[in-house]
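Data block below; observations after.
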Amino acid sequence: MQRRRLLRALAAAPLAALPQVSRTANAGSVVVIGGGLAGLCAAYELNRAGHRVSVLEAGDEVGGRARTLRGAFADGLHAEVGPLYVPDAHTLVLHYARAFNLALAAAPDDARVPVRLLRGRRLRMSASSEPDWPYALRDDERALGFDGLYARYQAPLLARIGDPVDANWSAATHAALDALSLPEALIEAGASKAAAELLTAGWGGLWGEGIAGVSALCVLRDGLLQSASNAHYRFVDGVDRLPQAFARELGERVRTRCRVIAIEASESRVRVAYLRDGQRETVDADRAVCALPFWLLRAIETPAQWSAGKRAAIASQRSFSALRTTFQMRSRYWLAHGENGQAQTDLGSISAVYDVGAFQTAKRGLLQTYSGGAQARRLAALPEAQRHDEILHALDRVFPGALAQCESAVSWSWDAQPQARGASAWFAPGEMARHAAHLASAEGRVHFAGDHTSPWIRWMQGALHSGLRAAREVHEAAA
């Protein structure tokens, strides 16, 4: 596609993995707060380098949002409720998958097409023909088609961003773009309101409280970083195998059911207090890595000497509400219609649909809907049967036959998970320029990791990148 070629050309350089942390003779002690991918990666690399590490995880199991739902479906089927796929430009995910001998499968390159349901019209997204878009585009815009609109209005915005992975990249430099939403930025670039709606169609429930309330810089940075990818993979046995592999390597260094309640720091040491089985315990270390989202960190007592910038970043970080509902179908019936089970919609109840059973061998299939923001919270609050009925009827509009094919359904609300309380970070207009510089910066002997501190928010690449960065910071400080 022309649009994909344009995006790849704008990606400034290949996204290479950071070098591994080298072995040291100056070993120190490090406590890692949070057993998601960021914390596990930091602990794994520090342990390999010879440091004494311990990981405190509040839940019963590690992995954070790298979660696979097992045992809920027939025929051994499983469903991801966190990260679903791995772009091939996400070199750190691929590196650790290879290191732990975890099988990945590439998306099939076939002629089956995704679907969009926009303004009540069901559109099959064939590469060979332009849909009749249900928007009041200007004549010149309709003649351009979607790719042409992208090239005229959105590609120049991407070009303005530069390389977000560069160490010298600053969100503050792009404050003007950060101050706008993406629809506003597109209209400022000359797009009609209809063209801006088309270019952001189906994104309403995928970011924040709707695309109109999210920083254009936040959304465009994500799009630019994903543009470097040519292919996508999935973990054959489930994405949870990755954090489990880290945990196996770390062994007893990982402690579960340890809810951190306070971080204390002096010029020479760090003390972390936590509750385990209702009892208060502490661990002392030379340094700490905090790998919690800031909305969880707000519930923890932290050192008074932390900078005003860090405190403002912690206080302001937003969490995204996401509801994933997986429907077990008697068959993958959509394939017979030449469709791949992927969809975007502007329906109120669901924003996207994924074939989450695509790489599994069972005859049955799994279609998973994605609801975000206020709609996710509204649906999650409904009685289960009512929630599933409403979503299934919406799904039947996207992939007709769902009502007849459905055998069971399971919902997963990230807001309802006590160790997560949200699915991912996001920024409202103006917030990246104010706070981005303070997300990853260390505060004395406390270092920070998590996808929210990286360029790749919402991605496993970001979690691993941040964990490796934090490990290198600790390692270099000990040298």
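Note: Cβ is positioned from N, Cα and C throughout, glycine not excepted.
A TrEMBL annotation is a machine prediction, not a hand-curated record.
Matching Val260, Val270, Val272 to the FAD binding residues that TrEMBL gives (Glu57, Ala58) identifies Val260.
DSSP classifies Val260 (FAD binding site) as strand under the three-state reduction. The most crowded of the binding-site residues listed here (Ala58, Val260) is Val260, judged by how many other CB atoms sit within 10 Å of its own CB. In this view, Glu57 (FAD binding site) is surrounded by 28 other Cβ atoms within 10 Å of its Cβ, with every protein chain counted. Of all Cα pairs drawn from Glu57, Ala58, Val260, which the record names as binding FAD, the longest spans 8 Å. Neighbouring residues of the recorded FAD site, listed in sequence order and excluding Glu57, Ala58, Val260, comprise Ile33, Gly34, Gly35, Leu56, Gly59, Thr256, Arg257, Cys258, Arg259, Tyr274, Leu292, Gln419 (Cβ within 8 Å of the Cβ centroid).
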